[in-house]
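For reference, TrEMBL has these:
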type     : residues                               : note
ACT_SITE : E175                                   : active site
ACT_SITE : H251                                   : active site
ACT_SITE : C372                                   : active site, nucleophile
BINDING  : 20-29, N111, 138-139, R215, D253, N366 : substrate binding site
Amino acid sequence: MQSAREFNFDGLVGPSHNYAGLSFGNVASFSNVKSASNPREAALQGLAKMRELAARGFAQAVMPPQARPNFRLLRRIGFTGTDAEVLARAYRESPVILACAYSASPMWTANAATVSPSADTFDGRAHFTAANLNNKLHRSEEHLQSTRTLRALFADERHFAVHQALPPTSAFGDEGAANHTRFCATHGGKGVEFFTYGRVEFDPSAPAPKKYPARQTLEASQAIARLHGLDSARTVFASQNPDVIDQGVFHNDVIAVGNGNVLFYHEQAFHDEGAVLNALRNALAGVETELTAIRVASQVVPVGDAVASYLFNSQLLTKPDGTMALVIPQECQENRAVARYLEELVASGGPVDELIHFDLRQSMRNGGGPACLRLRVALTGAESAAMHQGVIMTEALYETLVAWVGKYYRDHLEPKDLADPQLALECSAALEELSRILGLPGLYDLT
Ligand SMILES: NCCC[C@H](NC(=O)CCC(=O)O)C(=O)O
């Protein structure tokens, strides 16, 4: 067995970060619709998290933002003319579609792809499948750039396979790693891959939410397991609890998180809690690992508090001494039930003995917490040497990126600003310079 480290690839917030209320079923996105955003602060909050975790010795990398606005989308649906004319007409005729073309959402890289480390796959390569995100117009084209970016970062086909997104239809609704967790004894050893879904396309009798959409289907999760060549004895599929989707749990990572042998979850997360725990225990026995389940009861933290605080959208990170830290948003400290629970958790003598909190308010206002902002990629030493090195977070890269943000980012953006042709020019100049900083020429197709 090779040793491996888990890298967290955090999405760098783009220069047009904004609140457009585009995600029906995501409570925060809906309630902050059309409020003013601060792209500069958003980017700096994300960078501060990356810097701190890198400084603590966690393997940390940055995933570049996507080009905005998406002129290809706007032109394809009939907005013609110069770039400035396209923007003016889209703003006049359909400001919501202009907002979709300007969506901030690629910053949540947990939705960029599903990743299976090489220890789990049939050919011993790390496999990635870009998520089609086809439940929402504003996210449905992210996979094009995600595939391009992943292929630029993980170009060496001896080590990596980057699959294109699943067919973009509701039968294959796929939201990437937000509905996927891997359990293992060590990152380099064989693991158990755990897929959660909200709906089954071809079984109308399967549980499904009534009010809000289920974004992930079983069919999509199964397709990814097939593409990655996972061993069925070490793969578990589980239905989310449709009732909690209807309370704002639009991705499973809003109500559960796993790391190593630990599953930290809310008692209402799954349709059949007992069956999920049994399936995980059995699969983990095959890799000589025992599941540690940290279950949070509704009486202690009601689902509403979990959604409001993003307690479970935390990162559970293994520290060098084997204990775990929970990376939480500041909102957890501000919610009385959650703050009290967390105090008990770290004092309990269990695996989690430290809390690391960050102010991620700009992201949280769109429904993205610490876990949404990162894509986990466990890599062996040879694999991490083979990936593109320019995205690895260092103090020097942090400082360069802070200066870059200072040069290009506005500190105030309102819906009407999306029609300003100057903003589009600022975005493309910023990304052109960023691709130089990261050593990724040709990262963007800016034609
Ligand atoms: N993993 C967190 C994803 C949050 C994301 N929010 C958004 O797209 C909101 C965008 C807006 O409303 O402007 C979503 O719901 O998919």
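Keep in mind that glycine also has a Cβ here, set from the backbone N, Cα and C atoms.
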Legend entry - Candidates N111, R139, H251, C372 (recorded positions) - the one closest to E175 (active site) by CA: N111
Legend entry - Cβ packing number for R139 (substrate binding site), 10 Å threshold: 22
Legend entry - A20, L22, A28, C372 as recorded positions, winner by CB count within 10 A: C372
Inset, instruction - Scan F24, A28, E175, D253 for recorded positions whose C-beta lands under 6 Å from an atom of ligand 1 and note them, or write none. - result: none
Inset, instruction - Starting from the Cβ of E175 (active site), draw a 10 Å sphere and report how many other Cβ atoms land inside it. - result: 31
Inset, instruction - Work out how many Å separate A20 (substrate binding site) and H251 (active site) at their Cα atoms, rounded off. - result: 19
Legend entry - Nearest of the recorded positions (L22, F24, A28, R139, C372) to H251 (active site) - Cα to Cα: C372
Inset, instruction - Pick the one among the recorded positions F24, N26, N111, H251, D253 whose Cβ has the fewest other Cβ atoms within 10 Å in this structure. - result: F24
Legend entry - Local backbone state of F24 (substrate binding site), from DSSP in three classes: coil
Inset, instruction - Measure from the CA atom of the residue listed as 'active site, nucleophile' to the CA atom of N26 (substrate binding site) and give the result in Å, rounded to a whole number. - result: 13
Inset, instruction - Between the Cα atoms of R139 (substrate binding site) and the residue listed as 'active site, nucleophile', find the distance and write it as a whole number of Å. - result: 14
Legend entry - Distance from the residue listed as 'active site, nucleophile' back to L22 (substrate binding site), taken between C-alpha atoms, in Å: 17
Inset, instruction - Quick one: of A28, N111, D253, which binding-site residues lie within 10 angstroms of C372 (active site, nucleophile), measuring between C-alpha atoms? Sequence order, please. - result: N111, D253
Legend entry - DSSP-derived class (H/G/I helix, E/B strand, else coil) of N111 (substrate binding site): helix
